[in-house]
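Peer 1: What TrEMBL records for this protein is below:
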- B:21-202: domain 'Ribosomal RNA methyltransferase FtsJ' (DOMAIN)
- B:G53, B:W55, B:D78, B:D94, B:D119: S-adenosyl-L-methionine binding site (BINDING)
- B:K159: active site, proton acceptor (ACT_SITE)
Amino acid sequence: MSIPPQNTISSVEEQLLKPLSHYGPVTSLKVFQNYVLAGYGPILKVFEVVNNETQLISSQQLFKRNKIHHICISQSGDKVCISGSRSFRVLSLVDTLNNTPSLEEKAINEWITCCEFLDDNTLLILNSHNTVYTVDVSSKASQFILSDKVHCNEKSILYSGSIRLLDDGRVLIAAGTVMNGVIIWDYLTKRIIYNFTEHEGSIFGVQIDSTGKFMISCSDDRSVKLYDLQNGKILANGWGHGSRIWNLRFFKDQSNGLRIMSTGEDCTIRLWRYEPGHDLIQVELLENAHLGKHIWSGDIDDEHLKLFVSGGADGKVRVHDLIGRNNVQEFSLETISAKIGKEFHTKENIKQYSELPHLNLLIIITSHGSIIQYNQLSNEFTLLELTPEESAKFYDFSIMKSLCEINVILIACRNGDILQLRFEGNATQPQRSWIEESQLGNSKLTNLLVASSNSSHYSLTDCPNTKVPFILRKYSDSGVETSFLQQPQQTSFTTTDMTIDSTNSWLILGSRYVSLAIYDISNESDQVTIFKKLSQGDTITSVSIVRSQKNLLTVLLTVRDGVYLYVNISKIDGEFQYEIIHENKLSRGFIEGGFVQNNQLILYGFKSSYFYLWNESKQIEIYNEICGGAHRQWEFFRQDFNSKFIYINKSTLCIKTFNARFVKDFGVINPGTHGREIRSVCISPEAKNGSRLILTASEDTTVKLGKLHSNGSVESYWSLNHHVSGMQTIKFFNQTYAASSAANEEFFIWKFSELDAIPIVIEYSRLKPSADIPDLRIMDFDAFEYENGFIITTVYSDSTIKVWYFDISEKRFFLIIEDRYTTCCILNVNFLFLNNRVLLQIGATDGHLSIWDITNKVATGGEVKSLDEMIIKQQLHQNGIKAILPVKQAGSYEIITGGDDNALILSTLAFDQEKLKLEVKSFIEKAASSTITSISSSGDAKFLVTSVDQIVRCWSYKNYELSCESARYTTIADTGCSDSVIDDGQVILAIGGAGLSTWKLA
Amino acid sequence: MGKSSKDKRDIYYRRAKEEGWRARSAFKLLQLNEEFQIFKGVKRVVDLCAAPGSWSQVLSRELFQNQKQEDAKIVAVDLQPMTPIDGVTCIQADITHPKTLHKILDTFGGEPADFVCSDGAPDVTGLHDLDEYIQAQLILSALQLTTCILKPGGTFVAKIFRGRDIDLLYSQLSYLFERVVCAKPRSSRGTSLEAFIVCLGYKPSKNWEPKLELNKSTEEFFEGAGIGKSDNLEHLDFPVDEGRTIGTFLATGDLNDVDSDATYRPGKERELVPVQMPTAPPYKKALEMKRRGDLVRR
Ligand SMILES: C[S@@+](CC[C@H](N)C(=O)[O-])C[C@H]1O[C@@H](n2cnc3c(N)ncnc32)[C@H](O)[C@@H]1O
């Protein structure tokens, strides 16, 4: 029998292609002693947890190709086994921690479902056909011996499984099958104990608890099921997951109650409680714990570290505190009444409250003017002494604000009078003083705003009569200074938030319709400046300072319906000017406020019935609290990394306290990328301080902006949510502008700048779709600088080709050429420049490369023209040309094309007299074993190619002869796009797909 | 792997409705046949993973109506129930289970089949390696049956996803067939990794007798089949020498045929005529030789 020809280009000179960084699905997690072990594709990462701090202590690629789906540790704690696909590897724990892995990668002949050590020398491997291999792993020289193959006579295919060693010596196998439910069998007797068939569909996770009394399983049917292994009865179902469930763990609560953790496709982590006689009770739901889809892995340690970990398709590993959760105190008015020994009026309710975090005090005022102080350390409630007349002033109306730094509480009444309460460290009663308001006349106070800047503390009184100025008060130990600010002369300027910048003495007020009012308070005669409708949206919910320099202030504005902006404010020739330098939209409900902390943007607000605190920079929810829907009464207070969300629910005061246990990056111990496949990647043309910008566009329609550092690590800064349709392409035009295209004719131009070394971005302009109901995909585009903007071409899924002039200052697109190719989908487009001509080149699904001369049509406007006859139409590939790289040479181009047909072609393009000629120079029919998806330049007569067979190849073409210089497996599945840059002769390649990886070409 | 979101606006979807096919997949089989004449001389067929049944419809129409073979036999198997089709025996079962394969063999009563096809695709999880493994299991199960029932010289066609280990599968199949081609019909979307492995001219292994046993996994079944699978169980070493072959790729169906990736605007067709007439594509010669089956293997 003849041996088929070998694939000689699956591994070639691998050392030339050096992987630098990798971000991708976290396929397994294990918490052991002080360590978190993470199977990060083929890489094993170990994090050490000491005193609530985590640190990466080792990271090693331990498998050549396969992913680590399971990690187990022997009972002695000496040995670790990682496994996945057909591979497994036995390591000593010490070596693993020290980054010096012993022994080599081993394999069986089938897919491994899971492994467990019987003892330090014996490993049990459950394969996907429900057979357990008993392997003697005692050999120090990797001479493992397969000593037994054990099965229970039922060999259905398994999607999941687990092995449990019990104290009585029994070894139970739980097998989660594709079609036949869960089979529990005994490894020693080979007997089937139970076959549970209550689930529908495939079983994706199954676990037996340490006592051997309980079993949990999850499946396609979105339920968690708990079984009693002593009598074979189903005990409870847990419903809640919105899609498939991937992973389950048992744990115990502090009172030894049975709990379950589940993670799934819906990107949630759920904690469940079992109470006999009931279905599983969901005690906590962590939504959006990761980005995109799928939390593949999780583990929990309820004894030692008291934490749980989760790992998603987004490549993040997160640790979560297990004990300090759900910290909510509740006080009804009756409880408070009993504690302070005062009867409340029947209709009396809590009106306002404020915190003085330095003193751990919460001050509360009721609708009838009772003021109560709650000491959160001693848990004591005290009633503050007020005369009946004083209390009466707050009847049904009060606004309470705190000046935390100086421990002052201000409470305003309807007529504008303000009660000032100064609290001292240990005195139970504050000093009281009244600030009487004489300015309001017949008007009523509608808002009291406070702001602190450096060591100055201010309040501002607002009333609806625009004739009455805003009353600004400055509080200090020596007393209160009052000044007046003319109100904006317009009816609808409702103040919502205030900030004061001490560097410039500017006061900024936020209002509705995304409007701002700015005052220079150093100059009394200065008029108010108003900026209206800075962006689309409704009310500015918060204004805060991001950066303050002499005559350049950057503020963060949050807008209730989800937009947030960074705005630069400066004064030029005595006039205030503004520029929006960063703008994005949150896709998760309403924003009530935000702030920048440690260079990270934190936002909070509401989504349906819950409050959330969200780290926008890290793209993680810090916590949420279900607090009910409409007519919310709430306050949010924060102190460093801790915060409180205090709300009234059914007239009960609820205090949710969040004390961050893992402060660094909010428990994200490994950064990640998109939670869905990356469809396009591009790197900025210039480097700054050794870093470039990197943009990635993913299947979930988000665009990520990050920095690609010279060591290959990618630091992610923003996730942009402007696109709503399937992403196609993203590319830089130059260092400042980039564009992205998607289905539904979405085409956006982005503009970049920097804020203290943090890249920031705005959507600069978008192309208006040609149809009311756009259904075309803009497959690709290209651009070159022209006059005051760019000439841009966009190509479409219905064979349309368009060329535009984009005017930068006008932010306008002018259509200059429109035509169609055939009826097939165009896949890519490039502008080429030869002999002073401008050529437009496309590649399409019909395998043809076509070129037009558009030199005479390039203009800044005028009539829309058609294309002339094409000057080249040449079939190169059997079907779709998936990737094209034009390489410019003097007087010619080298055109490299890669196809869906696995082929790679090198052609030259040049004018021969007046005739353009495309000449095929080299053709490699089998250049990959699957679709070629991208080609990136790597300098002189060399380029890099990715294909879905997950091999990255470097090809050279000296003397126009293509040859494969290097080929190496990439851990990124669904390998779909790449881009490269050359820095000081050093080629860095970024590859996108199911994850992101960076490489260096030696 | 499979995506259905674009189905509605897809022209093949509309055409399938018009022509009475239960699924747009029908065109994939028809386009494969156009290229490889796989229906020629075929009387007994196994259609694995057949629901909702458009391939069975195509086969039924071809064998009974076009070729007027009254004694033709078509057996269709799927996990899902299927609405009956004239002349097609439907079995609802899991093809990865040896019992199912026994049942199919019984239905044929010892007679060989001329053609085995499988259009099977599992529900994907999103874990690429696991999905590829399950897909490979479907193909190997189909191949298991094939080795037990296909007549020498017969044809085997199976859906594949061109992922990372497709070269392994290609190599293994090349031991059992005269010609193995990876074909992508024009009706299969360019954005999907789907393709079909067309295996022509079955040549049973001489030193190995396929034996379906209830307690053997696919892997155990192929032990000793000599199809280049590594035998690594002695010291469980990671196989470095497994046969990998890059398959020959053929895009099938006319290029002028409807493009499944395009958005269609009826009545807006236009053909831009090139100034210069194109030359033959670079792959043409190799392709023609391959079509004639002339390419000699190394
Ligand atoms: C793409 S559809 C087949 C379409 C079919 N060729 C037609 O033309 O109508 C894939 C089928 O594979 C089936 N399938 C997947 N796994 C299977 C298994 N293990 N046994 C039997 N059928 C299976 C699914 O039920 C599904 O109906």
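Numbering starts at 1 and runs along the chain as it is shown here.
Cβ atoms here come from the backbone N, Cα and C positions, even for glycine.
What does the local environment look like for each feature on the list?
Peer 2: Within 10 Å of the Cβ of B:D78 (S-adenosyl-L-methionine binding site) there are 22 other Cβ atoms, across all protein chains. In the three-state DSSP scheme, B:D78 (S-adenosyl-L-methionine binding site) falls into the strand class.
Around the Cβ of B:K159 (active site, proton acceptor), a 10 Å sphere holds 24 further Cβ atoms from the protein chains shown.
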Peer 1: Give the number of CB atoms, excluding that of B:D119 (S-adenosyl-L-methionine binding site) itself, located within 10 Å of its CB.
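Peer 2: Cβ-Cβ neighbours of B:D119 (S-adenosyl-L-methionine binding site) within 10 Å number 23.
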Peer 1: Using a Cβ cut-off of under 8 Å to chain A, which of the recorded positions B:W55, B:D94, B:D119, B:K159 qualify?
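Peer 2: Listed in sequence order, the recorded positions near chain A are B:D94.
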Peer 1: State the Cα to Cα distance, in Å, between B:G53 (S-adenosyl-L-methionine binding site) and B:K159 (active site, proton acceptor), rounded to an integer.
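Peer 2: Pair distance, Cα basis, whole Å: 15 Å.
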Peer 1: Identify which of the following recorded positions, namely B:G53, B:D78, B:D94, B:D119, B:K159, place a Cβ less than 6 Å away from any atom of ligand 1, and list them by sequence position.
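Peer 2: Within range of ligand 1: B:G53, B:D78, B:D94, B:D119.
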Peer 1: Measure between the Cα atoms of every pair in B:G53, B:W55, B:D78, B:D94, B:D119, the residues the record assigns to S-adenosyl-L-methionine, and report the largest value in Å, rounded to a whole number.
Peer 2: 18
Peer 1: Across the domain 'Ribosomal RNA methyltransferase FtsJ' (B:21-202), what does the pLDDT come to on average, as a whole number?
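Peer 2: The answer is 93, the mean pLDDT of the model over that range.
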Peer 1: For B:K159 (active site, proton acceptor), which of the binding-site residues B:D78, B:D94, B:D119 has the nearest Cα in space?
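Peer 2: Comparing Cα positions, the candidate nearest B:K159 (active site, proton acceptor) turns out to be B:D119.
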Peer 1: CB neighbours of B:G53 (S-adenosyl-L-methionine binding site) within 10 A?
Peer 2: 25
Peer 1: For B:K159 (active site, proton acceptor), what is the secondary structure state per DSSP, taken as helix, strand or coil?
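Peer 2: Looking at the DSSP assignment, B:K159 (active site, proton acceptor) belongs to a strand.
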Peer 1: Taking only same-chain residues 6+ apart in sequence, whose CB is under 8 Å from that of B:W55 (S-adenosyl-L-methionine binding site), what do you get?
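Peer 2: Sequence-distant Cβ neighbours: B:S25, B:A26, B:L29, B:D47, B:A76, B:C117, B:D119.
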